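Quick look at what Swiss-Prot annotates:
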- 52: active site, nucleophile (ACT_SITE)
- 110: substrate binding site (BINDING)
- 244-265: region 'Disordered' (REGION)
């Protein structure tokens, strides 16, 4: 039974998130339903990350064991013909039988988008956080520099985050765009805590609005207290852009876990 790795793109507005839940449609549920129709049997799908309600993806990764052997094109084109228009398979490849989309990950890249023009945008309302005030891009870049590296990000985790610890590594955090139009925070890290990127975005916007100096972000990080950071940015601005992989499962220290196994992003 071959194991297939799917790369997915979806517009998450009408979904309760990745994971199957009783209160509405999820990305996982519509994907598993489409696969059942395509393959004639029920399959279970695992993902690289559990995106929240309203969050989008251009590079989510999922995998499943296929009860039938089909050409790769059939998995892509056939499944896309069965999925709703806001979910699509971009690519399908066969992988090792022990491939795990979360555990084998060596990192992810997210983009958080903010519309900072003074008037609302009908075209951005489902894909950006609209703040209606020009943001200081340079100040936010200075603030973002304090977040690079490996730190305890307790100040940026959700209250109900289940991760055993809050130590994570941010490899890069770029602030792109233009004051008075649209700005993006592009963050790449080994793993993420629940709501971590949205909390980082909310904190950087506080600096961009001039409410706090760039140095305040370093103080928030050192405090390890969620109440010291900015608000949680809304979900519609967040996109999971890419999941990065190694050639095989990551090495583990005796009795320890890898960053990927602790990932809640």
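Each position is counted from 1, following the chain as shown.
Glycine is no exception: its Cβ is also placed from the backbone N, Cα and C atoms.
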Candidate with the highest Cβ count within 10 Å, taken from the recorded positions 52, 110: 110
Could you tell me which three-state DSSP class residue 110 (substrate binding site) falls into? strand
About how far apart, in whole Å, are the alpha carbons (Cα) of residue 52 (active site, nucleophile) and residue 110 (substrate binding site)? 13
